[in-house]
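Asker: Please find one structure pasted underneath; my questions will follow.
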């Protein structure tokens, strides 16, 4: 049973890998290839690029990544609970309430600390 | 056809599955080609323009010509780019977008990977595309691309949380992650479908879905007027085409998933209309959702980045969490 189901997934993965390879190979036969020095420069609105491309960026992106990890782990806990909710009953619901309230407090803390506000730094 | 999945594995079955996979891939490519055409046409009409009308009858061959143009374009990779990652990034973005479709049940009998963890599989795989976008932005070694990639990642992960939490109500009501069983649990009348008891979850899911697709009004990662093109600014030819392809395959996937989760999949809206084949109903609901995506693109302006993040974390996430308790109370009353 399981082998067959995941075989379909494996076929889809194989096709997903095959399509880019096939398309790019056919493209290689059809497209021109005349590289020049100017074509290989990094694009910067038509100017000569200044400095490195991999510049320093806003620290805020890391904060969002951290928040994401916290809430994504929450969903890992929520999914099995939701599947089994009908069998688990009130006790599990109260338990989940406590868990979500704790995370909600964390969200409120981040909110008050202006992590969620784009213009605070 | 579904009982094929339940039978022991033989080479014939493997070939049938492979043929089905190829067929679905061709259907999706056809869908993408004409979704782009209809998007331009519909938005053209909504804005009092004609839309594409020169290539072929009614401009029907416009996208075909565009794809062919991309195929014969020279492929330039910047000297400063990280070559292996640059080549890999569009492929990483594309593969999950196609693989998630494997688990979508289009009708009651059509072959699909009937996974017990179907919904989780969808959510987990669709997250991988974000990595491709960051990689593309980083490997280009370009300031615009890097900022676009970072914005993309921030937006995608911020809206993935409400998207994933908003479907928990559906899981609670059906008690399974299997997409086939989720559709079966919804009845043959439209008031039995999940979007009515799950109206909060449905709205959150739609808004977060549009944002996950990077479409207007949430198309900041590709904001043409601000970041040139975002993470794929250095890409040309077919490598660029794969980023666009992934985006439109996700339109297909999200519209199918919405139909399956909230709009009753292949079920007819009234029990007396059940004699019409399920695939017709599925395609009808699917098309309405795809049209909805085009419609809001023509109607809404792009929102600012601070509004975007504020909406995701301060409005949608609390609403999605609230929806879990509303569902629990609703189930307590009705049970």
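Glycine is treated like the rest: Cβ placed from N, Cα and C.
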Asker: When you get a sec, could you say which of B:161-179, B:218-236 is annotated transmembrane segment by TrEMBL?
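Answerer: That would be B:161-179, the stretch labelled transmembrane segment in TrEMBL.
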Asker: Between the stretches B:85-107, B:119-140, B:161-179, B:240-264, B:315-333, which wins on the count of C-beta pairs under 8 angstroms to the transmembrane segment (B:270-295)?
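Answerer: Looking only at B:85-107, B:119-140, B:161-179, B:240-264, B:315-333, the most contacts with the transmembrane segment (B:270-295) come from B:240-264.
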Asker: Would you kindly check B:119-140, B:161-179, B:240-264, B:315-333 and say which stretch has the most C-beta pairs under 8 angstroms to the transmembrane segment (B:15-37)?
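Answerer: Looking only at B:119-140, B:161-179, B:240-264, B:315-333, the most contacts with the transmembrane segment (B:15-37) come from B:240-264.
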Asker: Is it true that the transmembrane segment (B:315-333) and the transmembrane segment (B:161-179) have 3 or more CB pairs under 8 Å, sequence gap of 6 or more?
Answerer: yes
Asker: What else in the chain is close to the transmembrane segment (B:85-107), if you only count residues 6 or more beyond its ends and a Cβ gap under 8 Å?
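Answerer: Distant Cβ neighbours of the transmembrane segment (B:85-107) are 21, 24-25, 28, 77, 113-115, 118, 121-122, 125-129, 131-133, 135-136, 138-140, 179-180, 183, 232, 234-235, 239-240, 242-243, 245-247, 249-250, 252-253, 256-257, 260, 265-266, 277-279, 282.
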Asker: Within the same chain, where does the transmembrane segment (B:240-264) have neighbours whose Cβ lies under 8 angstroms from its own Cβ atoms, ignoring anything closer than 6 residues to its ends? I mean 6 or more beyond.
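Answerer: Tertiary neighbours of the transmembrane segment (B:240-264) are 28, 31-32, 35-36, 67, 70-71, 90-91, 93-94, 97-98, 100-101, 104-106, 119, 122, 126, 129, 132, 136, 167, 170, 179, 182-183, 186-187, 190, 192-195, 198, 201-202, 205-206, 209, 212-215, 231-232, 281-282, 285-286, 289-290, 293.
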